[in-house]
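What follows is a short report on a single structure.
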Ligand code: HEC
């Protein structure tokens, strides 16, 4: 059982790793940060689907998705630190004018994700509100 959970976890990590940025991005630095956002999206989706009853609740899967989301959130500042752009990028220049504030918003997501109680469906339901709010808080200021 333990081993099975581990194998399943590995599968999820691979799925997360396959999340890809939008077509046509050519700047590799921008592609990397878009790929990171897709990892954020995929893992938020796993938890969100459980919360919405679109997927059965599975505590082990929820914990894996949470760990991947926390790790991805923690990686946001490093991936966005270089001020790079691309014709398809939706990043606003304000990111680099107010990088401390941007970083604080990444931290809010990291904390909201870490606070999700993945042991129960009610915990996931309660925890996803603040997670979603932290996506929105950053996107409304820093994403076109
Ligand atoms: C600290 C700021 C920040 C937080 C928090 C954040 N995002 Fe983003 N996100 C961005 C920025 C900036 C972009 C645009 C990047 C670009 O186009 O260069 C983006 C882009 C995206 C994209 C598009 C990626 C692509 O392929 O172009 C998705 C999907 C996404 N975010 C999902 C999420 C979700 C879901 C959450 C919350 C769980 C979240 N983001 C939290 C800043 C943030």
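Keep in mind that glycine also has a Cβ here, set from the backbone N, Cα and C atoms.
Those TrEMBL annotations? Automatic predictions, nothing curated.
Per TrEMBL, the features are:
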- 1-21: signal peptide (SIGNAL)
- 135, 138, 139: heme c binding site (BINDING)
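The number of other CB atoms found within 10 A of the CB of residue 139 (heme c binding site), across every protein chain shown, is 14.
With a 10 A radius on its CB, residue 135 (heme c binding site) counts 18 other CB atoms from all the protein chains. Taking Cβ-Cβ distances under 8 Å and a sequence separation of 6 or more, the neighbours of residue 138 (heme c binding site) in its chain are 102, 105, 106, 108, 109. For the heme c site, the Cβ centre of 135, 138, 139 serves as reference, and the other residues of the chain with Cβ at most 8 Å from it are 105, 109, 134, 136, 137, 140, 142, 143.
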